[in-house]
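J.: Questions regarding the structure given below will be posed in turn.
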Amino acid sequence: MSAAGAGAGVEAGFSSEELLSLRFPLHRACRDGDLATLCSLLQQTPHAHLASEDSFYGWTPVHWAAHFGKLECLVQLVRAGATLNVSTTRYAQTPAHIAAFGGHPQCLVWLIQAGANINKPDCEGETPIHKAARSGSLECISALVANGAHVDLRNASGLTAADIAQTQGFQECAQFLLNLQNCHLNHFYNNGILNGGHQNVFPNHISVGTNRKRCLEDSEDFGVKKARTEAQSLDSAVPLTNGDTEDDADKMHVDREFAVVTDMKNSSSVSNTLTNGCVINGHLDFPSTTPLSGMESRNGQCLTGTNGISSGLAPGQPFPSSQGSLCISGTEEPEKTLRANPELCGSLHLNGSPSSCIASRPSWVEDIGDNLYYGHYHGFGDTAESIPELNSVVEHSKSVKVQERYDSAVLGTMHLHHGS
């Protein structure tokens, strides 16, 4: 003990123990826990002597009691008027620093309850929790943390208490302090916001059947397209089945090029097609048909999609319809049980507009005007509202053909009449 040797050198001829007993009787009583001697001395000692520092460590009697864990002596000194937050002249250390370094949690807790400042730094910028980390006292660290000690404070060398414990080899204390630091850093990140992360700005994207082009409904500020307001999206009527997860369904929404759909040769009106279409991946799918006397019918059964999304009908149950597919001659074809077409057509608009189901070029188009009108594919970017309803086009085509047959019959009759 170099400090004690220096003190003994000052008083030549005296041992450190003799010097302590003669010159600093209060300090000696606190070291040994001699409560009777301490109480007797406190009755005779002036109040100013309670703050006197020894020549060995530069401690007051309170520091001695705290370092050696003499709680009864500490209590008597404070009752006699000793100051809790008194700092030493040499290192500016309080009794809380000394108790933490000595590894005495009982004394430390009592000092805290009596009003000691546990975040006061010493001359090296260290608080009591740094001293507890140096001594490896997990009990003192826990007591300090439980009473509001700051675990993230750094000393003059830039080290936290966790760094000091790690340097001294106290792994358990270091890990405990590191966990506390991480907990403290994450304390302000709540409501699903992670450290360094962001909140989901699109909370409504979990709707399974939502079209990818329309899923960002409330994001006008981000420059994306607003959703249509005419009707509810199909996702409310399209449940997840077969245990498919949200991620699986979301993967099905990846935009792809629209496949060419089988020609709608002599098909029925689009209203029947839209009515009997089934929902796959959030879009309307229009089932393919088998040729019937050289014609293809679009009226068929709605099947469950491959990803478990159905239109609400039981599998195998044909969609009820009061009429079959109309041929050019006006006769009805019986309804058939059909299979879903794996090739989906463009489905930007699901409100019955033609761009939801127009093929590359309908095979029933004959004249040059119709060819020009349907000369391009109505897919992404087309405004369906600017295109006339397909029912009207079909009806017009049928009317023209009927008129041509009527004119042909009239001309034939006139030729026969005049020829005879």
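Along the chain as shown, the residues are counted starting at 1.
Cβ coordinates are placed from backbone N, Cα and C, and glycine is handled just like the others.
Sharing the features that Swiss-Prot gives for it:
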REPEAT    21-50  repeat 'ANK 1'
REPEAT    57-86  repeat 'ANK 2'
REPEAT    91-120  repeat 'ANK 3'
REPEAT    124-153  repeat 'ANK 4'
J.: With Cβ-Cβ distances below 8 Å as the criterion, list the same-chain residues six or more beyond the ends of the repeat 'ANK 1' (21-50) that contact it, or say none.
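T.: Residues packing against the repeat 'ANK 1' (21-50) from afar: 11, 14, 59-62, 64-65, 68, 70, 72-74, 76-77, 80-83.
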J.: Looking only at the repeat 'ANK 1' (21-50), report the model's average pLDDT.
T.: 92
J.: What else in the chain is close to the repeat 'ANK 4' (124-153), if you only count residues 6 or more beyond its ends and a Cβ gap under 8 Å?
T.: 91, 94, 96-105, 108-109, 112, 118, 159-162, 164-165, 168-170, 172-174, 176-177, 180-181, 184
J.: According to DSSP, how is the repeat 'ANK 1' (21-50) divided among helix, strand and coil residues?
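T.: Per DSSP, the residues of the repeat 'ANK 1' (21-50) fall into 25 helix, 0 strand, 5 coil.
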